[in-house]
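J.: Pasting a structure below so you can have a look.
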């Protein structure tokens, strides 16, 4: 299983580094419609007179000038545009048309999207012959001669060489700083044309590296020779069709342009990395200078893209997707131009950090095909997290639950239970007292006395005899109707009650009735101070009773 996993990883690496021969052709065909439309427009520009289409390029040029970050991206192309301006001061409209229609350096200066469109044109083999015509028309015309007069032949030839062959433009972009002294010469020769865009590019800090790069005379003569030899060079355009050279060129071109941009824009973070990139392709560049000419010859003879793809896979497997992305850029000029630097910086470190957009699963493990080292690292991290959380689990098991009220204060449940118990006891006592009062205190006492008497009688033998004292006393105390001794008995009880000091009772005329038969106090003066409710109550009861009696008598009248 491990061997199969390694084979899959190798297969994925091959697939990502270099797509198969059929896929890049299809991608080129997809990208051709956007680039082909522009190529068709350029062909129409060649056919139509320069004066008729002059107005449209002026607007585009103004838009390019207004888009400052896009202008800052391609420094080499801007100085070339300055050369075109110097050469054709009399007619600025024709210069703008030449910048866009032809693959001249002015088009490179205008927008990075235009540079990418060139790459697309080089990628499309059908558009190569018209490009030759375009290169022949502006390159052979006075522009080159005037550039020779203005001592700026090297950048011009480099650009001309960059238009048919993408490998030389890489050198040109790596050699982009040698164009800085010609800029100074141009500013010295024609200071009027420099201010619009070149104020940013005229930053003196960037000039010394350009001098150093411009001081290297080795790159300029080979370019002239190569440009002189392959003027009619459809195979070179086919080289641009080759995916390995085109992505390399595209990647080197945005890198150098970004270096210049960042130098002029004073971006210290990304500039050193871009310079290192420019140096690294620069080291590759001598190999290109030595090896590119025989390779070009072989490609001219063979005209077959597959070996180029192989070289692309061998040399720059990571740069190929960047080149494709740059080819897709021309649709959005300013936006893609401004977004290109971060994209390139990401592609610089694909192996160290991996793709930043890789997804992770819910468990935190990286998704997709992962190496054994990455899995081992992830497992170790998970184990560390589990160990760090173990002591928390132990503490949480034995800790008491903390309850809080709405205000956030801790609740003492034990104290709350005690308080609630006390409240319940007090409530039960109060309820019992009210229940006792409701039943009646006298009735309660009588009931208690009866219970005591019953218990006492239970202790006596079953049969009662006449000489039983308790029975004899109970019978003597009873009052009987018609008993001559009854009055004597009452008086005797009254005397005994006085001795007991009982409360005095009311002894006046009969008081008014009430629902509960409550007797008035002994101090009542006989005045009724009620609201008359009791009288009305008894009147209603008497009326009701009378009606019932009358109805009963009426019902039994015939009987």
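Keep in mind that glycine also has a Cβ here, set from the backbone N, Cα and C atoms.
What Swiss-Prot records for this protein is below:
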type     : residues : note
REGION   : 1-44     : region 'Disordered'
REGION   : 89-456   : region 'Disordered'
COMPBIAS : 245-256  : compositional bias 'Polar residues'
COMPBIAS : 274-287  : compositional bias 'Basic residues'
COMPBIAS : 344-355  : compositional bias 'Basic and acidic residues'
COILED   : 373-431  : coiled coil
COMPBIAS : 374-434  : compositional bias 'Basic and acidic residues'
COMPBIAS : 436-449  : compositional bias 'Low complexity'
REGION   : 474-517  : region 'Disordered'
COMPBIAS : 474-483  : compositional bias 'Basic and acidic residues'
COMPBIAS : 496-505  : compositional bias 'Basic and acidic residues'
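Walk me through where these features lie, including what they touch and how far apart they are.
T.: Residue counts of the compositional bias 'Basic and acidic residues' (374-434) by helix, strand and coil are 47 helix, 2 strand, 12 coil (DSSP-based).
Nonlocal intrachain contacts for the region 'Disordered' (474-517), taken as residues 6+ away from its ends with a CB within less than 8 angstroms of a stretch CB, comprise 524, 526, 528, 530, 534-535, 537-538.
Residue counts for the compositional bias 'Basic and acidic residues' (496-505) under DSSP (helix as H, G, I; strand as E, B; rest coil) come to 5 helix, 0 strand, 5 coil.
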J.: Mean pLDDT for the coiled coil (373-431), as a whole number?
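T.: Residues in the coiled coil (373-431) carry a mean pLDDT of 90 in this prediction.
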J.: With DSSP, how much of the compositional bias 'Low complexity' (436-449) is helix, how much strand and how much coil, in residues?
T.: 13 helix, 0 strand, 1 coil
